[in-house]
């Protein structure tokens with residue numbers, strides 16, 4: 001029987017005092033200190049898992065007590081999830097770690113139908129929750145002998161770069177449409193009729209990003225897994241599941257030339273995926289994660305309507321923010337282009353700030369507009385991408401064997417040179 005933990009988060013005095021604090025998410029000027037405390041122990045004789053399947057937390061936001069329900073995201077990893085790095089002499093070293101007892105959760109706020117939450121419980125609580133249109137972030141203060149956490153809003157995080165972030169989406173070699181630098185969701189009756197689809201996503205970490213995180217492979221892995229956990233929540237209303245097939249780190253050197261010219265880098269990365277990655281790792285789509293600062297305001301680039309195409313089902317992402325939600329939105333935006341979505345036209349779409357807005361907004365959204373919904377359905381109808389129509393969704397059970405070089409669908413119509 002699934003055991004439920006009940007934890008209360010007791011609010012301390014609001015610590016203004018003109019001071020700020022440096023968190024993993026950046027420098028935060030306005031925050032509340034909270035102390036997660038477990039109220040109900042497990043029943044006698046019960047075996048406690050490292051990370052319970054379900055958890056409940058009670059805490060206050062703006063003086064209002066709310067109850068947060070969390071459920072482990074069991075479909076986060078593919079059955080053959082792998083992690084790859086390289087030896088000094090260039091040999092690939094691939095492992096298949098156990099991922100069943102992971103620490104990533106989705107959730108909702110009790111009695112609030114439109115609420116959502118995406119939380120990592122790997123080392124304290126880290127993530128965000130949304131209630132009544134307001135998004136709050138929570139993060140451990142990592143103080144010695146203390147369970148203190150900070151709760152804050154995005155607007156209270158100092159921004160090093162105030163320029164707008166944009167996206168570049170390409171439909172052919174010569175035409176580029178340049179996101180720019182700045183649930184518990186229930187399906188509607190219409191969405192319930194949409195086919196269940198699933199994208200197996202592979203993430204590649206280039207050498208610049210590896211160096212940016214001080215060569216800490218474990219930290220990079222947790223960071224990317226946290227972002228994909230949020231992506232999975234974002235795509236749920238489309239009846240589309242995101243599974244992480246693996247993470248590869250170019251820890252010794254880059255396997256392509258990662259240029260500041262995003263379009264050149266995207267072409268090189270897509271070619272590498274076709275000629276190298278697909279021969280050894282089964283995936284529907286791959287995204288390159290880099291710390292290289294792309295020219296202009298561009299922080300992401302992807303081919304449009306190319307999901308399942310062996311040549312062009314790819315995107316590139318600049319690691320432009322320490323806030324997981326912003327990075328997950330950027331990754332979801334570029335994947336949206338692969339799935340046939342255009343940038344939102346605010347004069348025609350029913351959403352002022354949605355996932356496919358051409359610029360990242362100061363109030364990050366996890367919602368697709370009606371235009372994006374229509375684009376996606378048109379893509380499914382017109383292109384008929386076979387790879388994402390899987391007979392059964394994969395689970396977190398990990399095999400010990402290599403998936404092999406299974407051929408992908410040839411009957412796709414995407415971006416052609």
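Just so it is clear, glycine is given a Cβ too, placed from its N, Cα and C backbone atoms.
Since we're looking at a predicted model, the values are computed, not measured.
The feature domain 'Peptidase M12B' is assigned by Swiss-Prot to 197-392.
What Swiss-Prot lists as disulfide bond is 308-387 (among others), and the listing cites similarity to another entry. Around residue 308 (disulfide bond), a 10 Å sphere centred on its CB holds 24 further CB atoms from the protein chains shown.
Residue 337 (Zn(2+) binding site) is surrounded by 27 other CB atoms, counting those within 10 A of its CB over all protein chains shown. According to DSSP, residue 337 (Zn(2+) binding site) sits within a helical segment. The Zn(2+) binding site annotation in Swiss-Prot covers 333, 337, 343.
Using a 10 Å Cβ-Cβ cutoff, residue 334 (active site) registers 26 neighbours. Per Swiss-Prot, active site is recorded for 334, and the stated evidence type is similarity to another entry.
Residues or ranges marked as disulfide bond in Swiss-Prot: 349-371 (among others). Residue 371 (disulfide bond) carries a helical DSSP state (H, G or I).
Less than 8 angstroms from the CB of residue 351 (disulfide bond) sit 344, 365, 367, 368, 369, 370, each of them six or more residues away in the same chain. Look at Swiss-Prot and you will find 351-354 (among others) tagged as disulfide bond.
The annotation region 'Disordered' is assigned in Swiss-Prot to 398-417.
Per Swiss-Prot, compositional bias 'Acidic residues' is recorded for 407-417.
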Checklist outcome for this item: residue 343 (Zn(2+) binding site), Cβ-centred 10 Å count of other Cβ atoms over all protein chains shown, is 21
Next on the checklist: Please compute the mean pLDDT of the model over the domain 'Peptidase M12B' (197-392).
Outcome noted: 94
Checklist entry - When you measure from the Cβ of residue 333 (Zn(2+) binding site), how many other Cβ atoms are you left with inside 10 Å? => result 27
Checklist entry - What are the non-local neighbours of residue 354 (disulfide bond), defined as same-chain residues 6+ apart in sequence with CB under 8 A from its CB? => result 344, 365, 367, 368, 369, 372
Next on the checklist: Spatially, which candidate from the binding-site residues 333, 337, 343 is nearest to residue 387 (disulfide bond), comparing Cα atoms?
Outcome noted: 337
